[in-house]
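Chemist: What Swiss-Prot records for this protein is below:
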DOMAIN    2-101  domain 'FAD-binding FR-type'
BINDING   50, 51, 52, 53, 66, 74, 75, 76, 116, 247, 248  FAD binding site
BINDING   143, 144, 173, 174, 184, 214, 215, 216, 220  NADP(+) binding site
């Protein structure tokens, strides 16, 4: 049984009509960057809960979550309506294996995300531990519109902090926007456009690819890399070149 604790909302940041971030103070147990927990509210006499990844570094007591409002959702519209001072239930122990401990050493670590799935990478990069074993870090955030790239300022801040080791790239699929590639991640890999923009190759000799977000993107990218680059899923018992987390 999960141990639930009561958290207090300290900040609600509305990025767009649908995207928002919640900052919460709660007595949770220590977690590993890249992990997720569950948020819950009592609705009509029952606890409605969903899993959300931590965006904040584990050493930051401001627990941050990046959410999208599902119009007919049972929980997300209620979470979006919370105000500072309101209470929210949080599972105290984090879960998940989308963490650096599960990633083998390589020259270039590619971190690819769609939508709100940028969260785990931001947690990992803000903490900044266990990254010395990679020569290059690449963070790619794909969204429909440029307005949905909520954490671009933080990505740019991190890029400066890593002094050339981290390269960032945004992707939009429904419009063209300055500084962003246009299209979907699998197609941009297939055409070579993503590697060209970054200036690094994505191959099994030098790279490990982390994939987080839309299950279709994850599946399509895995299939493409398997077929065209002979890259394989990474398992503890059989090391490979791809680590993935589906976001729904």
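Using N, Cα and C of the backbone, Cβ positions are placed for all residues, glycine too.
Relative to the rest of the structure, where do these features sit?
Modeler: For residue 52 (FAD binding site), the Cβ neighbour count at a 10 Å cut-off comes to 23, with all displayed protein chains included. Under the three-state DSSP scheme, residue 52 (FAD binding site) falls in the strand class.
Shown in sequence order, 184, 186 are the residues of the chain, 6+ apart in sequence, with a C-beta less than 8 angstroms from the C-beta of residue 220 (NADP(+) binding site).
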Chemist: Residue 66 (FAD binding site) to residue 215 (NADP(+) binding site): how many Å between their Cα atoms?
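Modeler: Per the Cα atoms, residue 66 (FAD binding site) and residue 215 (NADP(+) binding site) stand 18 Å apart.
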Chemist: Taking the Cβ of residue 248 (FAD binding site) as the reference point, list residues of the same chain whose Cβ is under 8 angstroms away and which are at least six residues distant in sequence.
Modeler: 215
Chemist: Please report the three-state DSSP label of residue 66 (FAD binding site).
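Modeler: For residue 66 (FAD binding site) - judged by DSSP and reduced to three states - the answer is strand.
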Chemist: Hey, which of the binding-site residues 75, 143 is the loneliest by Cβ count within 10 Å?
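Modeler: Counting other Cβ atoms within 10 Å of each of the binding-site residues 75, 143, the minimum falls on 75.
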Chemist: Sorry to bug you, but what's the C-alpha spacing from residue 173 (NADP(+) binding site) to residue 52 (FAD binding site), rounded to the closest Å?
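Modeler: Per the Cα atoms, residue 52 (FAD binding site) and residue 173 (NADP(+) binding site) stand 24 Å apart.
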Chemist: For the C-alpha pair, I'd like the distance in angstrom between residue 116 (FAD binding site) and residue 143 (NADP(+) binding site), rounded off.
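Modeler: Here the two Cα atoms lie 9 Å apart.
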